[in-house]
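One structure is given below, encoded as structure tokens.
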Amino acid sequence: MGDLAAIILAAGKGTRMKSDLVKVMHPLAGAPMVAWPVEAARQAGTSRMVLVVGHQADTIREHFAGTEQVAFALQEEQLGTGHAVASAAAALDGFTGRVLILCGDVPLIRPETLRGMIDAHGATGAALTVLTTRLENPFGYGRIIRGFDGRVIRIVEEKDATPEERGRREVNAGIYCAEAAFLFDAVTRIGNDNAQGEYYLTDIVTMANEQGLRCTAHPVADPVEVMGVNDRAQLAEAGRFARQRINRELMLDGVTIVDPAATYIDRGAVVGRDTTVHPGVHLSGETRIGEGCTIEQGAVIKGSTLGNGCVVEPGAVIRSCRLGSHVMVKAGSVMEDAIIHDHTAIGPMAHLRPGTELMAHVKIGNFVETKKITMGEGSKASHLTYLGDASIGNNVNVGCGTITCNYDGVRKHRTVIEDDVFVGSDVQFVAPVTVGRNSLIAAGTTVTRDVPPDSLAIARAPQVNKDGWKLKQRDQ
């Protein structure tokens, strides 16, 4: 394929988005819009890329900071696409290969389409190849004008076209492949004598023909690939097509998606074979789902890793977590920055806050909240409990209503519960405190001192029964 560079036009503000955020940075299925053509160009085999930036240039630079092969060119005034490409010339000084030109607001172009255009460009010996498509309603697009031999002789913008030219349905997709020597010479000679007063890149088609160079068209069958995004309605439409593409690829790889139209999976997510994804699920960020999992209705998983055989019930929310294999997350549970080992069950309606680590075969039941704790293998807290700033050993039973009192109004303190401890219901641990292994904490106890191993701790007022008291109260 030879040496290949790409110029991606991303300098426009995007007024029709009616947003404080520059258009090309609006998210599309998990990535800024401009990241899609950047990735397509990378997969097409480019060795160098130049992003032409203008409005909110620093925002775009920051997103791509550290990205290999990406350089930036500043277009301080947006004077048209020809001016934008000319702005990138210095960044490709000395480059003698072929140059792809893409638009940052045309996100759905496929790498395969770009490779096909590059191959056709080389096979025909063209100086310039224009990607085209046919539209039922071509309004707003530049029309392709061909010569008798089928070559492209010029492109006419909508506002400059005659009625006959406006009737043509083959349109310019705004994506090109050009020989670098021709391109960078041509863009220095573009004028702005047109209805918009701009420097149109399309004028280089006429220049190629005037120089006796070949200019060809490479048609793309699916117009969706070259749809532009100018407002939020079009952004939503592009998002729908992007999700269709993502979901179809996953299904062809062995994932069951019950209702693809109602399933929202970002392009960065990976889902293993034989996993079933139900309607209303959102998988976003760098999420990794193992094989044989079940993700039920309305679950939200962001930036998390799930091992094989996990089950996530309806309405669960998992953010920045790492789950082992065969973990059960029951309905309505919320987890953030937690590490969960194999064969552990969470919920329903549990809340695991940052810093939670649960070892294998742990059970966290309904209305249990944890924060900055480790819980050893086989331990369980089945219901109505708060565990914060605690280290809990193996095979510990935490009774209903247990609370670690970890905050004294100034500092947080830790509770340590060693292996094989049984904690009865309605127990408070006033930290800092340590409970030795194999101890029993009686129900209703407030623990304020360390408990030795193999001990019974009981701290509650003795029960007093007053016979006949209720009858005496009634007679008064």
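Placement of Cβ uses the backbone N, Cα and C atoms for every residue, glycine included.
Per Swiss-Prot, region 'Pyrophosphorylase' is recorded for 1-232, and the stated evidence type is sequence analysis.
Secondary structure at N230 (Mg(2+) binding site), as computed by DSSP, is coil. Taking Cβ-Cβ distances under 8 Å and a sequence separation of 6 or more, the neighbours of N230 (Mg(2+) binding site) in its chain are G14, R16, M17, K23, D105. Among the features that Swiss-Prot reports, Mg(2+) binding site is placed at D105, N230, with the record citing sequence analysis.
According to Swiss-Prot, the region 'Linker' annotation covers 233-253. If you look at the region 'Linker' (233-253), the same-chain residues 6 or more away from its ends with a CB under 8 A from one of its CBs are 17, 26, 28-29, 33, 36, 107-108, 224, 227, 260-261, 263-267, 269, 271, 273.
Feature annotation from Swiss-Prot assigns region 'N-acetyltransferase' to 254-476.
Neighbour count (other Cβ atoms within 10 Å of the Cβ, all protein chains): 18 for H383 (active site, proton acceptor). Residues annotated as active site, proton acceptor in Swiss-Prot: H383.
The acetyl-CoA binding site annotation in Swiss-Prot covers N406, Y407, S425, A443, R460 and is backed by sequence analysis. Its Cβ taken as reference, N406 (acetyl-CoA binding site) is surrounded by 22 other Cβ atoms within 10 Å in the chains shown.
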Here the 10 Å Cβ neighbour count for S425 (acetyl-CoA binding site) comes out at 17
Cα-Cα distance maximum in Å, computed over every pair in N406, Y407, S425, A443, R460 that the record assigns to acetyl-CoA = 22
Excluding its own, the Cβ atoms lying within 10 Å of the Cβ of R460 (acetyl-CoA binding site) add up to 12
State the Cα to Cα distance, in Å, between N406 (acetyl-CoA binding site) and H383 (active site, proton acceptor), rounded to an integer.
-> 19
